[in-house]
């Protein structure tokens with residue numbers, strides 16, 4: 001495929017849409033369908049907001065969407081659970097997602113830039129290996145990763161979740177597209193003529209030019225780690241190291257024998273989604289993801 | 001890697017130092033080797049090994065690892081729990097992937113046609129579940145499925161109809177599928193929507209002036225143009241679907257129907273960590289990975305690999 005239609009990729013905060021698209025006669029059917037979609041998507045979120053205000057008894061007795069007044073009590077109970085273990089899970093999750101996301105973005109940016117802008121022996125091989133890595137299903141990795149990390153005594157530590165999160169073949173693939181589209185070769189030549197070394201050029205010229213794309217890669221990986229369940233579930237035994245997903249899963253399991261725990265689980269679920277929802281609403285403009293970017297157009 | 005700073009200034013074709021690309025790639029390659037290549041190789045190795053117990057199996061030397069040939073594979077494939085879990089996930093994929101991508105495409109086209117005032121609200125709302133971890137999404141739906149909580153039970157009850165308990169029997173598969181569709185539609189919608197926005201307006205304005213309807217424009221112009229995005233979303237959805245784990249693991253305490261081998265990945269987990277049989281688990285995970293890889297790679301070949309381009313740099 002000798003294609004070079006790699007158009008500048010969308011995540012580079014696309015230009016405002018042409019006005020033609022927004023100003024047409026509105027269609028009731030389209031409005032109804034879109035609203036139905038929104039209701040479907042929001043329903044569980046609205047429910048958890050209401051349910052977290054119920055008392056333990058009300059959760060199973062009052063009408064699903066009838067609010068109550070116990071939200072603060074529930075948050076108090078959640079915070080009191082084993083000396084604030086829940087907040088520790090929250091902090092752990094932020095650590096895993098923040099550090100893992102940042103590290104994988106830097107690693108991907110460097111690799112993507114090298115693959116996009118340098119010629120070197122082995123480049124094709126490296127790129128093909130990484131491309132194959134995009135399609136590797138996580139199932140094959142989980143158990144051997146655990147066993148290999150166990151051999152060096154790293155399971156049940158922060159590292160066991162952080163290190164495997166730092167490599168994302170898809171992030172490298174995206175960064176390669178961003179670098180190819182956003183960094184003109186002439187700029188690199190100019191930097192070289194001015195006497196800048198490769199590392200200096202990377203830090204001062206290339207990374208700033210790729211910034212918008214890098215934010216997208218970071219968000220991708222941040223959300224992937226924040227939402228991940230299997231890796232920490234397998235790696236961690238000490239519940240002081242758990243992220244929210246594994247912690248809440250454990251709480252729900254306890255609910256089977258102590259139904260009073262259920263309202264704590266519901267409250268925990270509500271609070272656990274607030275940070276990511278805030279992040280989403282705040283950074284919406286970066287979510288213009290074009291997975292097929294650079295692909296052949298039919 | 002400090003190699004590059006010491007490398008003599010042998011100019012590469014583009015006039016920069018030859019060591020630089022390797023040092024830029026080094027962190028990625030080291031991590032890739034340690035956390036992807038090595039585990040894959042190790043899984044392959046383990047799948048061909050087994051523990052041999054000599055004597056009474058007591059003492060340090062009594063348990064030794066020996067080559068097992070393909071016996072782990074035979075055991076894994078003939079396990080009575082394995083095939084049912086594969087069928088279940090196959091059916092689950094047949095429900096989830098078309099439903100999720102169909103909804104995502106429909107919503108993206110509706111948004112792109114711009115004939116509504118609720119576009120921004122709907123787009124944000126439908127995308128929102130992507131911010132909710134699968135565990136938490138399953139937890140929310142799991143409660144909503146309970147007859148004592150479900151609003152559907154109340155409403156149907158008023159009409160004198162007894163609502164089914166969706167966490168039992170055949171309903172369970174649909175209940176889990178609904179969670180995946182709910183969680184995945186928004187992200188795929190945004191991906192498709194982004195490609196749609198990138199289509200130059202003049203490509204379909206002419207058709208519109210000639211009297212083409214929105215539906216015709218969607219099917220004849222827009223969908224063919226965003227096909228590469230559809231292919232990518234399809235492949236990624238397929239890979240994710242075949243590895244479903246977090247949703248059923250979370251619903252398990254709420255449903256008696258979900259066994260510990262309900263999906264192939266759950267069986268791998270049980271074999272490895274509950275039964276401590278990492279050899280059989282490794283064999284099963286190799287089978288799942290090869291099958292997944294073959295399906296996704298085969299699909300990409302089938303459609304002419306239009307989604308990943310490799311040679312534009």
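Note that Cβ sites are derived from N, Cα and C of the backbone, with glycine treated the same way.
Of the listed segments B:255-277, B:278-300, TrEMBL assigns transmembrane segment to B:278-300. Annotated by TrEMBL as transmembrane segment, the relevant range among B:148-170, B:171-193 is B:171-193. Transmembrane segment is the annotation TrEMBL gives to one range among B:63-83, B:126-146, and that range is B:126-146.
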